[in-house]
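Student: What TrEMBL shows for this protein is this:
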ACT_SITE  GLU359  active site
COMPBIAS  511-543  compositional bias 'Basic and acidic residues'
DOMAIN    87-312  domain 'Solute-binding protein family 3/N-terminal'
REGION    313-543  region 'LT domain'
REGION    507-543  region 'Disordered'
TRANSMEM  49-69  transmembrane segment
Amino acid sequence: MRKKLRQFDNPKWLQTDVRPHFIKALKLVHTLVNILFKADKPTIRQIRLAPLFLLAALFPALLLAWLHWSGFAQPLSTLGEIKERGKLVVATRYGPTTYFNGPDGPAGFEYDLISDFAESLGVEAEFVIPENLENTLTLVNKEEADLVATGIPYSPDDANKYNLGPGYLEVSRLIVSFEKKKKIKELNKITKGVLNVTSDTSHEAHLDQLKKSGELKLPWKTSDELDSERLLYLVNEEVIDYTIVDSNEYAYFKRYFQNLKKVYELSKPQPIAWAMKKSRDQSLLKAVDKYFNRIKKNGQLEMLVQRYYQHIDKLKKLDTDTFWKRVETRLPEFDKMFKDTAEEYELDWRLLAAVGYQESHWNPKAVSPTGVKGLMMLTNATAKQVKIRDRTNPAQSITGAARYILWLMEQLPESLNEEDKVWFTLAAYNVGLGHLLDARVLTQRDKANPDRWLDVRERLPLLGRAKWYKTVKYGYARGREPVTYVDNIRNFYDLLVWKSNSTAGEEVEAQEQKGEAPAEAVAEEKPAAKANLLKERDAKPPA
């Protein structure tokens with residue numbers, strides 16, 4: 001990726017980019033020419049000395065030019081090259097905690113973080129996804145990527161081989177099994193079964209150490225084609241016994257795979273960091289350090305962590321189980337209505353559906369004690385405002401909700417970013433626009449940011465306490481409810497997005513229909529079609 005330039009042990013005055021100095025020298029020549037030849041009446045002495053002055057001015061410029069083009073000057077720093085080419089090349093991996101294609105384009109924790117860092121450098125971010133995780137780190141050594149951001153903690157061996165930026169999120173490594181297995185206190189107590197892991201050098205190095213120390217009795221298999229999502233899916237379906245996953249991924253996927261259980265914490269919390277090529281050139285590393293220092297101080301990093309992880313552990317297993325049952329039994333009846341309405345009003349149908357589930361569990365006959373009714377639980381006043389006659393008619397109810405959501409969005413300040421505006425809108429849908437505006441006032445009084453959902457979210461519960469609600473315009477409100485309401489909808493929305501995009505179970509379902517049964521599945525007495533997903537994918541025999 002980078003051009004190979006000759007480097008010499010030059011004096012420090014040559015170890016720089018000569019172009020700015022060359023330009024300065026030329027400007028000096030230009031100034032002297034103006035002085036000598038634009039004078040109204042140049043003296044004979046000035047005319048005689050002119051060639052000497054010009055030669056003296058041109059000499060450093062010509063010398064610098066010769067040194068530069070003859071290859072004696074050192075090339076640009078790593079950071080300088082990145083800025084010159086206008087892009088930061090980053091190796092990462094697909095996953096909900098790193099990089100994925102969301103409803104509005106690329107998204108993910110690492111994607112957002114890298115994109116913001118690149119913007120701070122004045123360049124664009126370009127992402128490279130290797131075919132297998134094992135090859136990711138090698139890309140920086142081959143100079144095919146500037147840095148690696150996989151969201152995985154690195155091993156001590158990796159820390160010696162690469163320049164690592166500051167840690168920005170801590171995760172622990174977990175052994176996960178089907179929920180019926182018991183938690184254990186000592187690793188060597190697990191003696192039955194096989195551990196399946198991705199072909200990730202940090203996993204394998206850790207397992208090798210545990211095996212040598214006698215702590216790990218389990219054999220393991222590695223695969224370069226099964227990622228964390230698919231391995232967790234196979235554990236959830238009882239196709240494989242155990243896998244290893246980082247705690248943030250476990251928390252994320254636990255909502256989708258309800259049969260998972262954390263049986264052992266394999267490591268203490270470890271920091272995640274970006275990796276760069278080991279080099280004397282520290283320019284990129286220094287820029288990364290400076291960036292993280294800034295976003296830690298101004299709260300930007302905390303906001304990003306909360307955006308991706310704050311709501312994911314709010315749903316209980318019973319809530320998740322019920323949701324997936326309703327997806328199969330109730331959603332199909334209203335699926336087309338949500339999609340058609342969302343297209344008409346330029347909304348995400350999965351967001352509309354998530355609101356509908358939170359409101360009524362997709363029950364068009366739902367009625368609350370306060371008279372709110374229908375699939376989207378509209379009040380009578382709201383129905384009149386959005387010109388809906390029959391709140392119990394599912395299509396009308398969904399249309400009314402879409403109109404009301406758009407109206408609420410229009411009432412909010414333009415200073416809100418698009419994502420925060422969605423959460424503000426949903427909170428207003430639940431508690432009322434006036435109470436939401438009161439919470440913004442309380443947030444501003446606390447010298448926090450009234451345009452940031454995470455800040456307003458903290459102040460909404462204050463509306464239930466006299467000390468605060470007596471000081472605002474719209475008075476008392478059950479302020480904790482909109483917080484839970486928004487958290488739940490975010491979870492239901494995530495689940496619907498995941499269901500739309502995930503391919504984890506497609507091969508299994510296809511093979512179940514064909515009735516394929518590999519010999520290994522019969523021998524192990526496990527679901528034949530499901531076990532076939534492992535066929536031809538195990539990269540190595542058990543260690």
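We number each residue from 1, going along the chain as drawn.
Including glycine, each Cβ sits where the backbone N, Cα and C put it.
So where do these features actually land, and what's packed around them?
Tutor: For GLU359 (active site), the Cβ neighbour count at a 10 Å cut-off comes to 23, with all displayed protein chains included.
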Student: Suppose you look only at the region 'LT domain' (313-543); what would the mean pLDDT be?
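Tutor: Here the mean pLDDT over the region 'LT domain' (313-543) amounts to 83.
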Student: Which of the three DSSP states, helix, strand or coil, fits GLU359 (active site)?
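Tutor: Note: GLU359 (active site) is helical by DSSP.
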